[in-house]
Amino acid sequence: MICQECNQRPAALHFTKIINGEKTEVNLCEKCAQEKGEMFMINGGSGFTFNNLLAGLLNIDPTVQKQNQNTFHQEEVLQCNKCSMTFPQFIKVGRFGCAHCYETFKEQLPPVLRRLHSGNWSHSGKIPKRIGGSIHLKKQVENLKNELKELIQQEEFEKAAKIRDEIRTLEKELPSSSKGGE
Amino acid sequence: MSLERFINQAVSSWMSEEGPDSDIVLSSRIRLARNFENFKFPTLFSHEEAQSIILKIEEILRESNFTKFGQMELLKIDDIQPLQKRVLVEKHLISPNLAEDSPYGAVLLTENEEVSIMINEEDHIRIQCLFPGLQLTEALEAANEVDDWLESHIHFGFDEKHGYLTSCPTNVGTGLRASVMMHLPGLMLTQQINRIIPAINQLGLVVRGIYGEGSEALGNIFQISNQITLGKSEEDICRDLKGVVSQLISQERSAREALRKTSNIQLEDRVFRSYGVLSNCRIIETKEAAKCLSDVRLGIDMGYIDHLPKNILNELMILTQPGFLQQYAGGHLRANERDIRRAALIRERLKMESDKR
């Protein structure tokens, strides 16, 4: 059987995922499995500790963690500047330190959240009234920016200029607080 | 204090009132987790931060008159006697975690105890609405109103992508846990429950006993709640849970009918034996009491017993918990003393109903 990701190497890891009653067969070669972060089950065989288990649950590939440990002194550990929580600490306790941690660790979070919330990683529920307005503006700006890119690719510069002006006026309306950090 | 007065004071609305489908669904609960944007979460916050959160809540209480659900009272965990704390936990008004491991904790309670707001537990704020019967939509509406009220005074931690930011990544997004407490003796007796629980788990829902995580299904009472809080809207989460609960209700009803057809006299015998135990026992443990109360409640629902009110299971399941018994007794009781007290309380409560006839 050939790996379903790269369609080149033979598949070495075969398993069935059941999430919310939905069955998916997965057949991956070792390399793709490592990239997808689904190797923790076979790598964790020796010296399986509670932290491995939690790290595994949070979908952190132990091979990647090991590499991080080896290069510990060269690489800076990700740390929240508001509450000083580090990413390894978060994995260990399973709790964030403050609301800002979500911003600090945002690159690392999608796989964690996907695993905990059956594949979901972005919010689609209630939005607080007081920030609702600026979020809608931001979404509008995002859409316009995408449109702008397309127009430029199609060399429709006149239309693009109009869109650019529209974006500028909208961005002026955005409160300064929500612009920061972006 | 007389038992009648004690019960009137001790019982919250979800224990005494009837709601939709309350022959099977005892209560519906909605919990919303919220946090201040600028304070560290309770796992890390300092004494000062905890203090200022409580001060801020007190200030909001003073300044805004939010009485939709009745007057609210703020109780600090430190000021509550250990026995009273236990009673609040047994009534599901606060979590064991708030009672024992939250030194800076507090709780806001409404008079009828349908709304409780835990402060400085795992998250800064946890809004909880507890309604009798199957009323998830109603409870969600109430929780949303409380949330809107607090939100007009507090900047909650929120971002577009992750939704409401919570201390534990398992609550992020909506911060919503919806749960329904169900009495399922029919599915237990016909042994269908063992087949059903794994199926429910596969749907992203969790099944637990009456006192939450790790507790066993005392008195055939099960709690079913959502696990996923991210990527679905609040309404969808409640609708999905309600869908499963409705199916369970119809399965439980058909199990009861099947039992009536195949083993009517055996079932009637079981119900009246349990009634006999409850009305005559002198010593009874929690587990046996729960089992007998479940049988008697089934007997009421199926018409074998007609002189007892339906809510007697909800009421006595809670009133015979260790905290309540000790509060009624007015002091600490050892386990064997509690078993004697429990028997006496149940006998007296059943006699109250027989005397009414």
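Using the three backbone atoms N, Cα and C, a Cβ is placed for every residue, glycine included.
The feature ATP binding site is assigned by TrEMBL to B:27-31, B:H92, B:R126, B:177-181, B:208-213. What TrEMBL lists as domain 'Phosphagen kinase C-terminal' is B:24-255.
In the structure as shown, the Cβ atom of B:R208 (ATP binding site) sits within 10 Å of 18 other Cβ atoms. Predicted-model confidence for the domain 'Phosphagen kinase C-terminal' (B:24-255) is 91, expressed as mean pLDDT. Residue with the densest Cβ environment among the binding-site residues B:S27, B:I30, B:S179: B:I30, by other Cβ atoms within 10 Å. B:R126 (ATP binding site) has a Cβ environment of 25 other Cβ atoms inside 10 Å.
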